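If you check Swiss-Prot, you get these features:
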- 746-756: compositional bias 'Polar residues' (COMPBIAS)
- 731-756: region 'Disordered' (REGION)
- 7-27: transmembrane segment (TRANSMEM)
- 101-121: transmembrane segment (TRANSMEM)
- 154-174: transmembrane segment (TRANSMEM)
- 373-393: transmembrane segment (TRANSMEM)
- 425-445: transmembrane segment (TRANSMEM)
- 465-485: transmembrane segment (TRANSMEM)
- 510-530: transmembrane segment (TRANSMEM)
- 574-594: transmembrane segment (TRANSMEM)
- 628-648: transmembrane segment (TRANSMEM)
- 651-671: transmembrane segment (TRANSMEM)
Amino acid sequence: MATLTDIGVAATINILTAFAFFIAFAILRLQPVNDRVYFPKWYLKGLRSSPIKTGGFASKFVNLDFRSYIRFLNWMPQALRMPEPELIDHAGLDSVVYLRIYLLGLKIFFPIACIAFTVMVPVNWTNSTLDQLKNLTFSDIDKLSISNIPTGSSRFWVHLCMAYVITFWTCFVLQREYKHIASMRLQFLASEHRRPDQFTVLVRNIPPDPDESVSELVEHFFKVNHPDYYLTYQAVYNANKLSELVQKRMKLQNWLDYYQNKHSRNPSKRPLIKIGFLGCWGEEVDAIDHYIEKIEGLTRKISEEKETVMSSTKSLVPAAFVSFKKRWGAVVCSQTQQSRNPTEWLTEWAPEPRDIYWDNLALPYVQLTIRRLVIAVAFFFLTFFFMIPIAFVQTLANIEGIEKAVPFLKPLIEVKTVKSFIQGFLPGIALKIFLIVLPSILMLMSKFEGFISKSSLERRCASRYYMFQFINVFLCSIIAGTALQQLDSFLNQSATEIPKTIGVSIPMKATFFITYIMVDGWAGVAGEILRLKPLIIYHLKNFFLVKTEKDREEAMDPGTIGFNTGEPQIQLYFILGLVYAAVSPILLPFILVFFALAYVVYRHQIINVYNQEYESAAAFWPDVHRRVVIALIVSQLLLMGLLSTKKAARSTPLLFILPVLTIGFHKFCQGRYQPIFVTYPLQDAMVKDTLERMREPNLNLKTFLQNAYAHPVFKAADNLANEMVVEEPAPDKTPDLVATKRGSRRFNSGSAETFT
């Protein structure tokens, strides 16, 4: 079990590591050769030019202005200087609201920490319960926790009052933040520039028709049922094979660029390659000619495949993007049932074109339920099997367990410095390593489930990651760690005493989570700003592949916030903070340092680095709110169970009302604010349409929407325009009959539609 000395060693290691990362970043960002790595967002916006083009030869690679090194930490105040409205214009609402999650943590935990250290720590410290318990492993730092309060003590009333303070304050902050972000979302949508998704809905599960193709059926259906507002449609094609060919060609082009650059450095020698297995065997040929030939052949295949996709009705997917003349028409269509059969002609608000995950649009809609069931089972087993490495991590936090497993290492382990390193630093870094591959696995699972937008993929992945963190990192660490630390106590006492030992031991797991917070939340966040991996990859690409300025821009990897991994990780800190605030407040300062440091670092990254792939207008906030509420309820239930083992019979029943009040609060927020994040108000749509009609009376909306939702691999294809030509019915008139290939079918008792 980690002692105060071990925590001090871990803090020293992580503080020095974080400081080293900041120093390295401050120096690297000043070098002209790294400018595109640390400021890619400004290059993508066209607001920054390369400093390599100016100055002497040495100044193209190294910053020779020594005065700039004196101000090497000025990036911190610069990151905080940009006001929030300007930041929304610069980076989008998603990025700004993501930053507000860190502010939410500071708003919740700073007042709680002040109260806890003023009231709770003296109450816990001024006891000697742990000293009187036999066969119990503890350290001095555990005397600051509720474990040091004797069984049946009246001091538990203080912890009860603290639980009420935590609950009411957290709910108050959550409600104000929910209200503010809902207002920000409505204001953002009202002031946003015209975008294709504002006029478009995605229609799925289009029923097959023997007389008409999907394209003809879509046009006919919406001309008949939305005659006044329907404008045009974009068919959805299964172009996955074409995408694979395009990706393959891009890889071949990279190899061609590499060998052409190599040849340009040494024109007297043509580069050669072997065309056998892995380039190690086979005939030796001219590399440039070889790749030119392969690219030409693949280009012909791409052209043929594109023609096949565009001309074959089998490539059409039973889905379409349908656009309307006004936002009002799109709102009505997306929020109403289109057919008597509620399983057909399903409509939803279309994601913006950047947000679409095209590979999943080709999946049959009927498969989605089966796919999600399969993934649910797979996720259960993934969570179960990951308990093994989590249990292994807990053995690292227990010196006695390591010494029993490998007794020959006991002399080395007992060295004070080594012991402090193992207990204070190694468990946190080991857990971090085991979790590295998890986000990639969860993203693959989310893609298999069939979500059609990147934002929904990230939200589902975040949901899975959160559940995994809660079960394995939080619960499993507590249970396994308690069992390993108090194994001797379990074996030498009666069964009736075991719940008491568990009740005492759970608060004592705070030391393990402190080490994890320092590794992940301190050094990990500092490592994010260094961008070591993108730095190396950029320079490798710049040396081997880049020939033009366009190539250099493509070599930049600005990255994104990474909501699917970042938000669940933040939620783990909310759980830890709320659970341990009333039982072991020593955890709170470490969490506050994380929230403050992460806010500054990620604000800098959002301003200078990250380039979001999509904009959802903070649609993820209901998930954030719900998970904080779950963390609050978990903290109440655990405190309830903890006090029951402490025989606090008079105070424990008063905790039962807290989960009920918290659930009621969540239901209120869900009914009051969540609809704003799910639907778009008709009133706002009409206002925006009216203003646009007054400002731009001659707007040609069809031209604006014509190729907005064409698949990226053939978005510029001219022959798609023919499918977009639609006659506009005259306003305020009875719609003309729409031509159709369908035969006459009179409705009678024998032809009634069946519902499946």
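Each Cβ is built from the backbone N, Cα and C atoms, and glycine gets one as well.
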Inset, instruction - Output the single range from 7-27, 101-121, 154-174, 425-445, 574-594 maximising the number of Cβ pairs under 8 Å to the transmembrane segment (651-671). - result: 154-174
Legend entry - the transmembrane segment (373-393) touching the transmembrane segment (154-174) per 3+ Cβ pairs under 8 Å rule: no
Inset, instruction - Could you tell me whether the transmembrane segment (510-530) and the transmembrane segment (101-121) are in contact, taking contact to mean 3+ Cβ pairs under 8 Å with a sequence separation of 6 or more? - result: no
Inset, instruction - Take a look at 7-27, 425-445, 510-530, 628-648 and tell me which one has the most Cβ pairs under 8 Å to the transmembrane segment (574-594). - result: 510-530
Inset, instruction - Can you tell me which of 7-27, 510-530, 628-648 gets the most C-beta pairs within less than 8 Å of the transmembrane segment (425-445)? - result: 510-530
Inset, instruction - Residue list, the transmembrane segment (510-530) vs rest of chain: Cβ under 8 Å, 6 or more residues beyond ends. - result: 1-2, 6-7, 10-11, 14-15, 17-19, 21-22, 24-25, 28, 139, 141-142, 145, 394, 397, 423-425, 427-429, 431-432, 473, 477, 481, 569, 573, 576, 580, 583-584, 586-587, 590-591, 593-594, 597-598, 601-602, 604-605
